[in-house]
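**Q** What follows is a single structure, and I will ask about it in a moment.
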Amino acid sequence: MTQTVNVIGAGLAGSEAAYQLSERGIKVNLIEMRPVKQTPAHHTDKFAELVCSNSLRGNALTNGVGVLKEEMRRLNSIIIEAADKARVPAGGALAVDRHDFSGYITETLKNHENITVINEEINAIPDGYTIIATGPLTTETLAQEIVDITGKDQLYFYDAAAPIIEKESIDMDKVYLKSRYDKGEAAYLNCPMTEDEFNRFYDAVLEAEAAPVNSFEKEKYFEGCMPFEVMAERGRKTLLFGPMKPVGLEDPKTGKRPYAVVQLRQDDAAGTLYNIVGFQTHLKWGAQKEVIKLIPGLENVDIVRYGVMHRNTFINSPDVLNEKYELISQPNIQFAGQMTGVEGYVESAASGLVAGINLAHKILGKGEVVFPRETMIGSMAYYISHAKNNKNFQPMNANFGLLPSLETRIKDKKERYEAQANRALDYLENFKKTL
């Protein structure tokens, strides 16, 4: 009898898991509640919709997520394939046209002979092999089911999405095109600020009104997607070392470094929309408008989508999951995506890739798949299943700190990262022979 796998959730992780299974001849029910039931953050019924940003972050092998992407590329990831096809200019980063990206994935999966798409809300975990990839906005009913099978309380924190603006409404006389340190093509519009302009902006941010938070949800922020107003509360200089840092962004008109810089990144292939980099926010919409208009060049800007903030849900993975993203107590159930404690689009997709490949091998009798720790994929899987501080487990991005140390110590950070990246890809190539 042919085994059919239920994959719940068609985000990046669920889409990747379904693709890896189906490409290995496994029948998949891909269950997605949208458009039958929408979430507060999604805007379409497409699979793998990008919510927080259109950037999949750095592409170079000198950063952790760049290595992760290259590993996934070599393992025929549908997410990376779609990103490469839908790429838009973004300097050294891999940014995509959201619609082209999710559209490609949606069409590929819907037309796959081994995938059946089911649009309905799931309130109970099905029998048989199941991958739960319901993401940060898991419904309350299903979240309770997960609590029941893990025996752990859910933890909540908030992801925040940055506003998107129309390029035509930007005062181009006040901004300049440049990537930090001139890396890659000049892909960012930069809004320079004097010290006086920054101080006015900063004071307005502190006075701006935030949207209310549900009383039953404790606020916890992941550093990589923290609201800029929360950063501002940490001190007047915090933003200058965060999203508004001016280093490497000298104004070509003056040759001088501004006191602060707000960067705008292209959000669509046509180049008509830009998002405000690092300005994820939970401010009320009226407050957002007032604050944004204090940024030079954006005084008369048209905001096409205001920043929003939404709950994220993840489990205490080190207590309940293994390196194959399996539930230790019920190995027929796997988790994938941000719910496992990986943080970021690419990391979420990578967890789906591991879950999908592993389950396919199990069903086909090929043995289980544990990626080497020397690979970024393997180090992420190891982190979520072995994090030392599991009493206060927090989500983690791909980074070189997760990888085992090199046998020979290299002082220069760039050279050390390059050596770790090369080792990771060598290990992956050898590991691929066993798949």
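Just so you know, glycine gets a Cβ as well, placed from its N, Cα and C.
Annotations per Swiss-Prot:
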- Gly9, Ala10, Gly11, Leu12, Ala13, Gly14: FAD binding site (BINDING)
**Q** Which residue among the binding-site residues Gly11, Gly14 has the fewest other Cβ atoms within 10 Å of its Cβ, if you could check?
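**A** Looking at the binding-site residues Gly11, Gly14, the Cβ with the fewest others within 10 Å is that of Gly11.
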**Q** With the FAD site defined by Gly9, Ala10, Gly11, Leu12, Ala13, Gly14, which remaining residues of that chain have Cβ atoms positioned within 8 Å of the Cβ centroid?
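**A** Near the FAD site, the remaining chain residues are Val7, Ser15, Glu16, Ala17, Phe47, Ala48, Ala133, Thr134, Gly135, Ala336, Gly337, Ser348, Gly352.
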**Q** Take the Cβ of Ala10 (FAD binding site) and count every other Cβ within 10 Å, whichever protein chain it belongs to.
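**A** Within a 10 Å radius of the Cβ of Ala10 (FAD binding site) lie 32 other Cβ atoms.
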**Q** Using Cβ-Cβ distances, find the residues under 8 Å from Gly9 (FAD binding site) that belong to the same chain and are at least 6 apart in sequence, listing them in sequence order.
**A** Ile31, Glu32, Ile132, Ala133, Thr134, Gly135, Gly337
**Q** List the residues of the same chain that sit at least 6 positions away from Leu12 (FAD binding site) in sequence and have their Cβ under 8 Å from its Cβ, in sequence order, or write 'none'.
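**A** Within the chain, Leu12 (FAD binding site) has Cβ neighbours under 8 Å at Ala48, Ile79, Gly337, Tyr345, Ser348, Ala349, Gly352.
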**Q** Would you identify the secondary structure of Leu12 (FAD binding site) according to DSSP, in three states?
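**A** Its secondary structure by DSSP: helix.
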